[in-house]
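Report on the structure given below.
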Amino acid sequence: MGDSFAPLAHPAFRWLLTARVTTMAGNSMAQIALVFAVRDVTSSVTTLGIVVAARSIANVAFLLWGGVVADRLPRQYVLVGSSAVSFLSQALLAVLVLTGSVSIPAFIVLSAVNGMSSAFSFPASGALVPQTVPVEQRQQANAVLRLGLNSSVIAGSSLGGLLIAFAGPGWGLAVDALTFALAGLAFSFVRVPAARVAAAHKPGVLSEMRVGWTEFVSRPWVWIVVVAFVFVNAEHAAGTMVLGPVIADTVIGRETWGLVLAVQTAGMVAGAFLAMRLRVRRLLLLGCACTAAVGLLPLTLALYPVPWVLMVAAFVCGVCMEQFGIAWETSLQHHVPADRLARVYSYDMLGSIAAIPLAQLVVGPVSGAVGITTTLLACAVIQVLATLFMVASRSVRSVENTPAVQPVH
């Protein structure tokens with residue numbers, strides 16, 4: 001296992017890992033805390049949806065700009081700034097909740113601020129990884145990072161549930177604010193070479209976005225995978241995350257559904273360990289093929305929603321999705337120029353999440369019209385078709401798990 005954890009020998013990677021794991025644990029608490037904090041003010045599901053949507057809309061609105069900034073400035077300092085903004089917004093929200101003076105407009109505005117800051121942190125943190133380790137350790141670095149993130153989700157969700165149950169959602173938000181402060185401190189200790197040499201004249205933001213778009217579309221395997229994941233993420237958000245709880249309420253119980261999701265996360269942890277040891281030439285092809293397993297969960301929910309079967313399906317789903325995630329991160333880092341990587345990440349994320357809100361809105365009417373079982377089966381079919389779309393591409397099949405020679409821009 002020594003080679004698998006070799007990235008930990010590099011201080012910059014250790015600080016990056018520490019910061020991201022800390023933030024993820026806090027965010028896992030905050031997701032639970034925010035829902036209950038809003039519910040303490042209003043029982044309106046529509047209002048809760050607006051609060052959650054405010055964060056998503058702000059995230060999408062600033063994502064491409066975040067990619068440009070992360071390619072222009074030292075990424076670790078972009079992350080320090082993003083963490084500071086997130087700390088302030090979550091700390092203010094926690095104070096308002098704890099003092100009983102919070103309002104729905106405050107929830108909406110502060111959720112939007114938090115979404116905006118995350119639009120800068122995602123492309124910066126993803127593009128920073130290859131700057132912290134040698135080229136030959138990128139796959140292991142991505143696996144170790146995802147292992148830490150998935151483990152922190154388990155810990156954060158568990159501890160957050162207990163904290164909120166005994167102390168209230170305000171304290172969950174306060175802990176989340178603290179994790180952003182600690183993460184910002186950890187990011188400040190990341191020391192890496194500059195990704196690009198500063199030019200005497202920098203082009204405008206729109207011009208930088210166009211350069212990022214050119215990098216994105218010039219590699220068919222990149223946009224093919226992103227297009228496929230428009231549907232993968234949409235069916236997962238609608239089928240598993242919306243209709244799954246409906247099945248839980250009517251068939252297996254909420255506690256069992258929570259356990260199914262926990263088992264899925266455990267599968268992701270196991271998948272990260274597996275990915276550390278893999279030495280595959282066509283790593284992206286393997287990862288794309290593994291995404292077919294995501295269809296197991298909606299398929300099982302539709303045809304045989306028995307707890308142990310759902311848990312097996314969830315575990316396999318978690319293992320296989322992790323193979324894709326690590327293969328995708330490593331392939332982008334190998335084949336996209338370092339000084340344009342954050343912008344490609346921002347287009348990747350924008351495309352991948354674009355259809356999620358729409359899917360969440362239409363799944364209710366669709367399942368009401370054709371039935372929950374039929375809708376879940378359709379989700380499973382969509383997943384298989386998306387997988388076939390990726391693996392049928394010669395461009396996807398030709399991507400090798402070796403760094404490309406990249407020009408200096």
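Placed from the backbone N, Cα and C atoms, the Cβ positions cover glycine too.
The annotation domain 'Major facilitator superfamily (MFS) profile' is assigned in TrEMBL to 1-395.
For 47-65 (among others), the entry in TrEMBL reads transmembrane segment. Packing against the transmembrane segment (47-65) from elsewhere in the chain are residues 34-35, 38-39, 104, 107-109, 111-116, 118-120, 122-123, 205, 209, 212, 343, 346-347, 349-350, 353-354, 356-357: each is 6 or more residues past its ends and has a CB under 8 Å from a CB in it.
Away from its own ends, the transmembrane segment (149-171) comes close to residues 20-22, 24-30, 32-34, 36-37, 40, 94, 97-98, 262, 265-266, 268-269, 272, 322 of its chain (Cβ-Cβ under 8 Å, at least six residues beyond either end). Feature annotation from TrEMBL assigns transmembrane segment to 149-171 (among others).
The transmembrane segment feature in TrEMBL is assigned to 177-199 (among others).
Using a Cβ-Cβ cut-off under 8 Å and counting only residues 6 or more beyond its ends in the same chain, the transmembrane segment (220-244) has close neighbours at 257, 260, 284, 288, 291, 294, 297-298, 301, 328, 331-332, 336, 344, 347-348, 351-356, 358-360, 362-364, 367, 372, 375-376, 379-380, 382-383, 385-387, 389-390, 393, 395-396, 398-399. Look at TrEMBL and you will find 220-244 (among others) tagged as transmembrane segment.
The transmembrane segment annotation in TrEMBL covers 256-276 (among others). Within its own chain, the transmembrane segment (256-276) is flanked in space by residues 1, 4-5, 139-140, 142-144, 146-147, 150-151, 153-154, 157, 244-245, 247-248, 297, 307, 310-311, 314-323, 326-327, which lie at least six positions past its ends and keep a Cβ under 8 Å from the stretch.
The annotation transmembrane segment is assigned in TrEMBL to 283-304 (among others).
Residues or ranges marked as transmembrane segment in TrEMBL: 310-332 (among others).
Through the fold, the transmembrane segment (344-363) approaches residues 53, 56, 59-60, 63-64, 66-68, 70, 119, 122-123, 126-127, 212-213, 215-216, 222-223, 226-227, 229-231, 233-235, 237-239, 241-243, 332, 336, 375 of its own chain, all at least 6 residues removed from its boundaries and within a Cβ separation under 8 Å. The transmembrane segment annotation in TrEMBL covers 344-363 (among others).
The transmembrane segment annotation in TrEMBL covers 369-391 (among others).
For the transmembrane segment (369-391), same-chain residues at least 6 beyond its ends with a Cβ under 8 Å from one of its own Cβ atoms are 224-225, 227-229, 231-232, 234-236, 238-240, 243, 246-247, 285, 288-289, 291-292, 294-296, 298-299, 301-303, 363, 397. The list of residues near the transmembrane segment (283-304) in space but at least 6 beyond its ends in sequence, with Cβ under 8 angstroms from a Cβ of it, reads 139, 221, 225, 228, 232, 235-236, 239-240, 243-244, 247, 264, 310, 313-314, 316-317, 319-321, 323-328, 330-331, 372-374, 376-377, 379-384, 386-387, 390-391, 396-397, 399, 401.
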